[in-house]
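Here is the structure we will look at.
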Amino acid sequence: MACALKATFARFKPHLSMVLAQICSAFLFFITEAAFNQGLNPYVYVTYRLSLAGLLMFPFAYFLERKSRPKLTLRLFLELFSVSLLGIALSFNMLFASMRCTSPTFVTAASNNVPSLTFVIAILFRLEVVDVKSPRGIAKILGTLISLAGVTTITLYKGPALQSLRDAPIHIKRVLSIRENWVKGSILTIASCMTWSSWYIMQAFALKKYPAQLSLTAWIDCLGGAQSAVFAVFLQHKPAAWSITMFSINFWAIIYSGIVGTGFIVFLQLWCVKEKGPVFATVFNPLQTVTVAVLAYFVFGEKLHTGSVLGGVTVIIGLYLLLWGKERDQCYTKSQKQSSSHCDVIKVTDEEEVASAEKEGA
């Protein structure tokens, strides 16, 4: 019984890891929104968040991977610099800037196109194989198309709003002046999704050259923090914007996002990319959308629009078709390897028997 439970846990460990990562990310959006409404600048927030995560991850990476960490060459450093710039600095700054123009529910719903974009890019770089003649290949293609249709619905169709709950336990006081440009917010969200998808692919290549996951997380966070700091200095010239009051909502938002949102979650994502590939690590994004929508409506008393609900349901159906196709692919690949290994054993045995017969005949 214990062995069976252990084997089941080992099989679904990547799934459980990504579920945990998405739930933690969902809470992060609301904490961040509350901090933004208290005046926290998004570029300053991203800089502090990444810098804190890098500083916390560095000692663990240094001591735990001292022997397994590969040598850092100039070429590898430049590659890590590019991964950090595209996947952390640019993605996070555009994502949280877009949230000031829209809402956490919209941002998480629109970010569901990340798995589909990642799937398409993975095919182009031959990290993903699609057999259009098999049910698993058709499921992956249909899943991608259905999820893209859902994302299009979310982006282009807002629809009537569902009445919010007046007796919700928590109400986030909004500053309406930062919610005036949904077009700008939509463009920033889509751009961040594109860079985010590319980041997952770049992670897969980076892990092949630098397989030390803790060290890679620390490097990405530290470099991303430095890059974001340069970006923030150009856009935010007021020194007061960099001042954070101890134990305020802004302070706790940075602490939570640095420790959990960047350090812990990025490490889990890197591990899942290494174990299951970049597409698998993105397939669980809809869970974040569902969690945000549930929290937004039942806990924080936000309005939900029918476009987000319909689009979100469509995206979830499509993405889990894609997940089913990927699981079938892995089972097929595993059976092919076992069959090939069995054939090799039979071939070696036959050769040994022939050699033995020749010796007896001689």
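Cβ atoms here come from the backbone N, Cα and C positions, even for glycine.
Pulled from TrEMBL:
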- 16-154: domain 'EamA' (DOMAIN)
- 44-64: transmembrane segment (TRANSMEM)
- 76-99: transmembrane segment (TRANSMEM)
- 105-125: transmembrane segment (TRANSMEM)
- 137-157: transmembrane segment (TRANSMEM)
- 182-202: transmembrane segment (TRANSMEM)
- 184-323: domain 'EamA' (DOMAIN)
- 214-235: transmembrane segment (TRANSMEM)
- 241-267: transmembrane segment (TRANSMEM)
- 279-300: transmembrane segment (TRANSMEM)
- 306-325: transmembrane segment (TRANSMEM)
Taking contact to mean three or more C-beta pairs under 8 angstroms, with sequence separation of 6 or more, is the transmembrane segment (182-202) in contact with the transmembrane segment (76-99)? yes
Is the transmembrane segment (214-235) close to the transmembrane segment (44-64), in the sense of at least 3 CB pairs under 8 angstroms with a sequence gap of 6 or more? yes
Compute the average pLDDT of the predicted model within the domain 'EamA' (16-154). 85
Spatial neighbours of the transmembrane segment (105-125) far in sequence, C-beta under 8 Å, 6+ residues away: 26, 29, 95, 98-99, 140, 144, 147-148, 150-151, 154-155, 185-186, 189-190, 192-194, 196-198, 200-201, 277-279, 282-283, 285-286, 288-289, 292-293, 296, 302, 304, 308, 311-312, 315, 318-319, 322
Sort the residues of the domain 'EamA' (184-323) into helix, strand and coil with DSSP and give the three counts. 119 helix, 2 strand, 19 coil
Do the transmembrane segment (306-325) and the transmembrane segment (137-157) come close, with at least three CB pairs under 8 A (pairs 6 or more apart in sequence)? yes
When secondary structure is assigned with DSSP, how many helix, strand and coil residues does the domain 'EamA' (16-154) contain? 112 helix, 0 strand, 27 coil
